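> Got these off Swiss-Prot a minute ago, pasting:
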BINDING   HIS44, HIS68  heme binding site
DOMAIN    9-85  domain 'Cytochrome b5 heme-binding'
MOD_RES   ALA2  N-acetylalanine
MOD_RES   LYS10  N6-acetyllysine
MOD_RES   LYS19  N6-acetyllysine
TRANSMEM  109-131  transmembrane segment
Amino acid sequence: MAEQSDEAVKYYTLEEIQKHNHSKSTWLILHHKVYDLTKFLEEHPGGEEVLREQAGGDATENFEDVGHSTDAREMSKTFIIGELHPDDRPKLNKPPETLITTIDSSSSWWTNWVIPAISAVAVALMYRLYMAED
């Protein structure tokens, strides 16, 4: 069932997909498409455990992080059984927040340049005053 026309798309709810999280029925989501990887578990080059950890949920981020080859991406199309229901797409887990804060692209330039520049000037002046006392 590699290629599906828009008319024949089968939609699955997140609740349905989450029930298929064991070795006898292993489904996962990649880019809102639902894959039945049950028959592929033993053939997966990274081992069956990798797939089973993601079973019943969204594996998109992990799939992309690994950097799968073009061949792997083409092969994955043969396991598509449908798509995640559009109403459930917003429910997908967002990546967990980390302790590392990232600078928001909307933050102003002064927080990135002016504050460090002023700090550097202050340190330079303090050094100069300290050296002038000697």
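In case you wondered, yes, glycine gets a Cβ from its N, Cα and C as well.
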> Express the distance between the Cα positions of LYS19 (N6-acetyllysine) and HIS68 (heme binding site) as a whole number of Å.
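One finds 26 Å between the Cα atoms of these residues.
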> From the Cα of LYS10 (N6-acetyllysine) across to the Cα of HIS68 (heme binding site), what is the distance in angstrom?
26
> For the domain 'Cytochrome b5 heme-binding' (9-85), provide the mean pLDDT of the predicted model.
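Summing pLDDT over the domain 'Cytochrome b5 heme-binding' (9-85) and dividing by its length gives 88.
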> Could you measure between HIS44 (heme binding site) and LYS10 (N6-acetyllysine) for me? Cα positions, answer in whole angstrom.
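Taking the Cα atoms only, HIS44 (heme binding site) lies 25 Å from LYS10 (N6-acetyllysine).
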> Can you name the residues of this chain that are 6 or more positions from LYS10 (N6-acetyllysine) yet have a C-beta less than 8 Å from its C-beta?
ILE81, GLY82, GLU83
